[in-house]
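All remarks here apply to the structure that follows.
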Amino acid sequence: MENLLKEFNVDHKNPSEEALRRWRNAVTIVKNRRRRFRMVADLAKRSEAERKRRGIQEKIRVALYVQKAALQFIDAAGEPEYRLSKEATEAGFGIDPDELASTVRGHDMKRLKFHGGVKGIARKVSVNLEEGISKPTIPTRQKIYGLNQFTEKPGRSFLMFAWEALHDLTLIILMICAAVSIGVGVATEGWPSVAVTAISDYKQSLQFRDLDREKKKIFVHVTRDGCREKLSIYDLVVGDIVHLSIGDQVPADGIFISGYSLLIDESSLSGESEPVNVYEDRPFLLSGTKVQDGSGKMLVTTVGMKTEWGKLMETLGEGGDDETPLQVKLNGVATVIGKIGLGFAVLTFLVLTARFLVEKALKNEITDWSSADALILLNYFAIAVTIIVVAVPEGLPLAVTLSLAFAMKKLMNDWALVRHLSACETMGSASCICTDKTGTLTTNHMVVTKIWLCRKAKEIKGTDSVDVLKQETAENVLTILSQAIFKNTAAEVVKDKDGKQTILGTPTESALLEFGLSLGGDFDGQLRENKVLKVEPFSSVRKKMSVLVARPDGGVRAFCKGASEIILSLCDKFVDKNGEPVPLSEDQFNLVLDVINGFACGALRTLCLAYKDMDEVPAESSIPESGYTLIAVVGIKDPVRPGVKQAVQTCQAAGITVRMVTGDNINTAKAIARECGILTEDGIAIEGQDFRNKSPEQLKEIIPKIQVMARSLPLDKHTLVTHLRKMFNEVVAVTGDGTNDAPALHEADIGLAMGIAGTEVAKESADVIILNDNFTTIVNVAKWGRAIYINIQKFVQFQLTVNVVALVINFVSACITGSAPLTAVQLLWVNMIMDTLGALALATEPPTNELMKRPPVGKGMSFITRAMWRNIIGQSIYQLAVLGVLIFGGKKLLGLHGSDATDVLNSVIFNTFVFCQVFNEINSRDIEKLNIFRGMFSSWIFLLVIASTVAFQAIIVEFLGTFASTVPLSWQLWVLSIVIGLIGLPVGAVLKCIPVDSNEAWKKQQNHTGYEPLPSGPDLA
């Protein structure tokens, strides 16, 4: 089968357009093209959307660069003409929405100055730049300036899905046949099929719509009524004061108020890769751009569809998402089987027609034709079409969509937001997870527990120990320590509407600030005391944060904090017990290094705080890189999350290697890794610097053994992921939260961004967002990925068995007896059982813990395994045998006599066939294990589908005889049908005892997890 599916292979991430077009062209036999390709990217629409997007980007580029240059040559002889609208005047505003939008969009400094700069604009939109807007004015602002919402394509109604289901080609042909033969059977029986299909598809669309809404949720910090608060970007209004930091997406068009080193990436809008500095002389910020570095405050001036980003957003959803590899592969399976079915259908029609013509020739009636003869040929054609109905497994690719929709909804409830469908599938094949430490393996609730100050290491436990520290430490030492904490921080102390103080910032910054406040420091007072000249925010590359401030008595002071070893290497002095700087000797340097390592070995995150005084401001206000005085070494406790150790053990048992990649000290990393069970006796812990210096040959040797990488740069993570994927053929999942993690998230097979600590840039590059930042959630995603894969395998096994039996039984019977035992209406019902209802029952089974006791599905493994072929062939032989006996000897065996004997027999055959499929559906719940009932009674969807199938079958046989060509059966014949179907369960058990080498492909793989494949088969029942 795999050789026939060569055209149906696509990459799970960023597949080429050539590959996407190739498999589409290979799909030749489709019953309902609209439905089959609904969840497939529309390449024509996508191409058109890309053309529109380029046009908008070009327009923005002209606005940003050409117009800006042209303004320099415009004669500024008079004020620009401007009129205020009546609506804006009545609302109390001094500027029109269109005037505001064009000024910012066009980067028009001349008009900005005409309006009085940012302060003038603030006055005209009635906002205080310190206090923010007043909440009662929000409805008025929304009425005049609009909502920060984008035009969305309306969802499709249920009737549209019903109309789509009616485009089934075979159903149309059968309805025409029914109309021609003045029958109502097919036409009537077709409606339930249409209804069930439409309901299923409509529910899927609602699930995807809800998930799409979740993907677009972005929150920002704003100041309103003098208080900081967090709200959705869709609630922003013109006049809002928005706080921006590294990794944020600019939520609307606006003007820069204040900030430090604000660097904006405008490539998403203009296509230009060079980031732009934003400051007082270049104050314009455009919606949809990203903060690459620095921080700042902006005044919102334009929202929603008045921004260029709003127009771009209209084109983003056009063309749909890429199809998943499993969808493509099952389209291939459906195509191959469809071709076989078409061959059988044509052959059946030719054989029946030939028999009919031979019979007429033998009776010398070859030239004598009547309308009855035409109806017989039409019936033969209908039989051939119904063979295609069952033969083309249209439900296969659609079952993947159903399974993915179900899994995505469940994962959303379990704190995982899937952004790309294919990630669900790929996660089931993950053989390696490269995870961050802070916040993922640990709780991210940090607190200062140790400090080295004035040559002494002290433990901090509650307020008593803080009071002791204050008593034992000189006043001027505490002053410089407080200044280092409060002046050099990215966190803020803000008051909520109740007046309660809250710390906003990263957990590390918050822990330091909380410690500073406990020492009696005054955060607001420290900020007012000195003017900040320059800030270098913390980044994963610099691994430090620095600030330059003006001193009240003249001169400047630089503060620096960050990774302990890095900051210590910048110091040549330290603060003694009197608060005076004294030289840092080599012995003292080594002593401090021992303190740092001691803290780190106790699983503490270590930071050094330092300062440097200067008489004058350095050139270009640059912050010095040496000559600092060490103030303190701080140890911050970040406990391991509950359940992480068990989650790591689960991964290891499932053949998934967990590697920790962190920017922390190597001793801290090793201590946490041991506590989590990641670092083993034969594993390697390495620093990023050492990793970077290794040759390709050395990397090939050590990468399989690396379990911890500390003090790593984002580039190190990217390099590790690339080598694991290309050198060792691993399927790699990577976690990330920072802006610089985006390349690694993009390179990995599955990028996992953190929902709490993650920046918008990281989330945009990820495939899955872990909403609670918890490692156990990642394991849950892997479990669901495996469940999707195996559920689809179960469904494929079930459907192919139905295909084989229905095809062969109708073909053989038609060729031998001249009629098919299963009519068009009956096969439509069977088609519904195996298509929509079968997918609903088998493709939505929740994952079990057993799934994490087997190795991941390796690259290149056959989707239809030998165990599946064994079950399909075995069940088909059994069903064909019993149905064949009933067809050719049923009357004699059952003692059927009289005029209705043939009708009764055909009803028994139909009933038996359906019950064989019902029990085979139960058999298909597990491909290899004997205990097929495990978890069945807790799966209400499965039980509901089985119950519904049996109930409808009873109604069809007993009450819809006119339409379905059946007659009511006696209770004995009902029992016989059920018993024959029930025997399929022990037959399935016997088949599972036949050994097949299901792990052959796994054994052929070069896997570097160090885990052997776990046993499978009946022994694990």
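Positions of Cβ are set from backbone N, Cα and C atoms, glycine also.
Automated prediction, rather than curation, is the source of TrEMBL annotations.
Residues annotated as domain 'Cation-transporting P-type ATPase N-terminal' in TrEMBL: 114-186.
The transmembrane segment feature in TrEMBL is assigned to 336-358 (among others).
The transmembrane segment annotation in TrEMBL covers 378-407 (among others).
Tertiary proximity for the transmembrane segment (800-820) is limited to same-chain residues at least six positions away from its ends with a CB under 8 Å from its CB atoms, namely 337, 340-341, 344, 347-348, 351-352, 355-356, 383, 386-387, 390-391, 393, 827, 830, 833-834, 838, 864, 871-872, 875-876, 879-880, 883-884, 887-888, 913, 916-917, 920, 924. Summarising the annotation, TrEMBL assigns transmembrane segment to 800-820 (among others).
What TrEMBL records for 826-844 (among others) is transmembrane segment.
Long-range Cβ contacts of the transmembrane segment (869-889) within its own chain (Cβ-Cβ under 8 Å, at least 6 residues beyond either end) map to 797, 800-801, 804-805, 808-809, 812-813, 816-817, 821, 905, 908-909, 912-913, 916, 920, 923-924, 927, 980, 983-984, 987-988, 990-992, 994, 996. The transmembrane segment feature in TrEMBL is assigned to 869-889 (among others).
Positions annotated as transmembrane segment by TrEMBL: 901-919 (among others). Tertiary proximity for the transmembrane segment (901-919) is limited to same-chain residues at least six positions away from its ends with a CB under 8 Å from its CB atoms, namely 798, 801-802, 805-806, 809, 821-822, 826, 829-830, 833-834, 879, 882-883, 886-887, 890-891, 894, 946, 949-950, 953, 957, 964-967, 969, 973-974, 976-978, 980-982, 984-985.
Same-chain residues lying 6+ beyond the ends of the transmembrane segment (940-961) with a Cβ under 8 Å from its Cβ atoms: 189, 192, 829, 833, 837-838, 840-842, 844-845, 907, 910-911, 914-915, 918, 921-922, 925, 967-969. The annotation transmembrane segment is assigned in TrEMBL to 940-961 (among others).
What TrEMBL records for 973-994 (among others) is transmembrane segment. Residues 867, 870-871, 874-875, 878-879, 882, 894, 904, 907-908, 911-912, 914-920, 922-923, 928-930, 932, 1017-1018 of the same chain lie 6+ residues outside the transmembrane segment (973-994) yet bring a C-beta within less than 8 angstroms of a C-beta in it.
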Whole-number mean of pLDDT values that fall within the domain 'Cation-transporting P-type ATPase N-terminal' (114-186): 78
